[in-house]
Amino acid sequence: MVYAAKKFINDPSDVVTEFIEGLVETYPGLQYLDGFPEVKVVLRADVSAEKYDKVAVISGGGSGHEPAHAGYVGEGMLTAAICGDVFASPPVDSILAGIRAVTGPQGCLLIVKNYTGDRLNFGLAAEQAKSEGYKVETVIVGEDCALPPPRGIAGRRGLAGTVLVHKVAGAAAAAGLSLEKVASEAKCASEMVGTMGVALSVCTLPGQVTSDRLGQEKMELGLGIHGEPGAAVVDVQPVDVVVSHVLQQILSPETSYVPITRGNRVVLMVNGLGGTPLMELMIAAGKAVPKLQLEFGLAVDRVYTGLFMTSLDMAGFSISIMKADQSILDRLDAPTKAPNWPVGTDGNRPPAKIPVPIPPSRSAKSAESQARPKELSQQGRVLEAAIQAAATVIISLKDSLNEWDGKVGDGDCGSTMHRGATAILEDMKHYYPLNDAAETVNEIGASISRAMGGTSGIIYNLLCKAAYAELKANTDSEVTPKYWSKALKSSIASVSKYGGATAGYRTMLDALIPASQVLEEKLSAGEDPIRAFILSAEAATKGAESTIQMQAQAGRSSYVSAEMLATVPDPGAMAAAGWYSAAARAVKEQYQGSS
């Protein structure tokens, strides 16, 4: 049986009216016309047609693109937004109702995205309004740069660049310009902007089944904001490559979509399509700015990054580039009370910032002490083999650790440990003074601190710092097994002190505590050190596996139900048992090989 996609809605047919109700409850400056469900119009609460003495700026279209268009209603931007059903042009009666509600003697400007339904319905409404005595002008926005220049009547689609036109027109109207001048500025702005979108998935309409049109390894270039097919379906590419392609397409001199040439000033908008995290949008913006500056020779005067015109839950983004002069920038910077226009983006961009140098550590060591020795002692060779084996095992466990952590945590334990292990292997080639066990452990902590991050990085850094202090206190020329045992015990005590966990809390300590206890016990009893190490590794593995029976009392797992916890062991404990056991086996092989 195929099920509709999971969404936080009631009746799918009510999503637009219920969205509007929530919107006006959230923003006191907004109101809606009492005409549900046929008439869905959001308007400024402080405007009435009888008293409004400025040009009204009205836009709208199908819903599902939030915050467009209702989120841009407010002083200095739109006076009203006409909402259709999801991805459906609003009916003529709704558009007329909006015109009548906010249009005073100065008239109104309709800003319409270039889709056939929108053009027809807004056009018919405009003609009807004119026949009733209203002054009405219309600007059609079609700035899509993904498809070849059209030969038919459809033309280029209206996309997120329309929001920039809203802002220019709204600011011009707020400044008291006439209808003809507001329309002229809006039309000029619409001719200065180009947009192209890319997506990893198509959107899912309320109450419908999620489409798998693209599959897991494909992405689509140039698809529309309703999920309609674009220019091409290609393999998923790094965002660097995607951004380069999009910029080239928009700014191509062959198509001349926008009149932008080297030396021009531009505005950049990176728009999320609904399902893309802000982190990824900022990465795209961070790649786009220097490319525009260095590869295309453009001055990037403003950058807007966020959700401006979405496509429900589509995983993707669009890039809009607008040619700008000072008058355009002034309109974009003009104040507005529209709730979804971004704050903190106005004003001239400062020159590139030079990062502040990191202060050196007071315990900074000489370059010589941080270098790998030219020749390794026997202890150095054994230590190298143990580190190599431990890190390699962690790398091999990445997917398993992520899978376990996906059920009881945030799903990144394997990836986090993998970063640390990879850094350790790389740094060991150049920086670890392997003949000095204490300093090597300290350098491992530095590698982990730099590469891992998160709670795991802190915990492992604590382990290394405590072990370093214990080993450094040793005045003997060689670190004996008992000193290693003391170092492990001190490390566990440090983690327990600062992290709060102990045995039975379902953490990495459930592997390390039994290992430490067995190692100390066997060495004290006179057991062969290699065998003691192997037996302690077995205890670590047994302890890690026993976590499947424990209720978590620390970390993110403490928020997970006992039923879910009972399906997998603690990934942190399994990782600790993995590297500890690998190190034990490597030490055994080293001494057996030399005997």
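Glycine residues also receive a Cβ, built from the backbone N, Cα and C atoms like all the rest.
Features reported for this protein in TrEMBL:
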DOMAIN    11-341  domain 'DhaK'
BINDING   GLY62, SER63, GLY64, HIS65, LYS113, ASP118  substrate binding site
ACT_SITE  HIS226  active site, tele-hemiaminal-histidine intermediate
REGION    339-377  region 'Disordered'
DOMAIN    381-585  domain 'DhaL'
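When Cβ atoms from all protein chains are considered, those within 10 Å of GLY62 (substrate binding site) total 22, not counting its own. Neighbour density around each Cβ, counted as other Cβ atoms within 10 Å, peaks among the recorded positions SER63, HIS65, ASP118, HIS226 at HIS65. Calculated from their C-alpha atoms, the gap between GLY62 (substrate binding site) and HIS226 (active site, tele-hemiaminal-histidine intermediate) amounts to 9 Å.
In the shown protein chains, 30 other C-beta atoms lie within 10 A of the C-beta of LYS113 (substrate binding site). Regional average pLDDT for the domain 'DhaL' (381-585) in the model is 90. Between the CA atoms of ASP118 (substrate binding site) and the residue listed as 'active site, tele-hemiaminal-histidine intermediate' there is a gap of 14 Å, rounded to the nearest whole number.
SER63 (substrate binding site) sits 10 Å from the residue listed as 'active site, tele-hemiaminal-histidine intermediate', taking the Cα positions as reference. Between the alpha carbons (Cα) of the residue listed as 'active site, tele-hemiaminal-histidine intermediate' and LYS113 (substrate binding site) lies a span of roughly 13 Å. The Cβ of GLY64 (substrate binding site) lies under 8 Å from the Cβ of VAL86, PHE87, CYS203, LEU205, HIS226, THR310, SER311, LEU312, each on the same chain and at least six residues away in sequence.
Residues GLY62, SER63, GLY64, HIS65, LYS113, ASP118, recorded as contacting substrate, have a largest CA-CA distance of 15 Å. The residues near the substrate site, meaning same-chain residues not in GLY62, SER63, GLY64, HIS65, LYS113, ASP118 whose C-beta sits within 8 angstroms of the mean position of the site's C-beta atoms, are GLY60, GLY61, ALA68, HIS69, GLY84, PHE87, ALA88, SER89, ILE225, HIS226, in sequence order.
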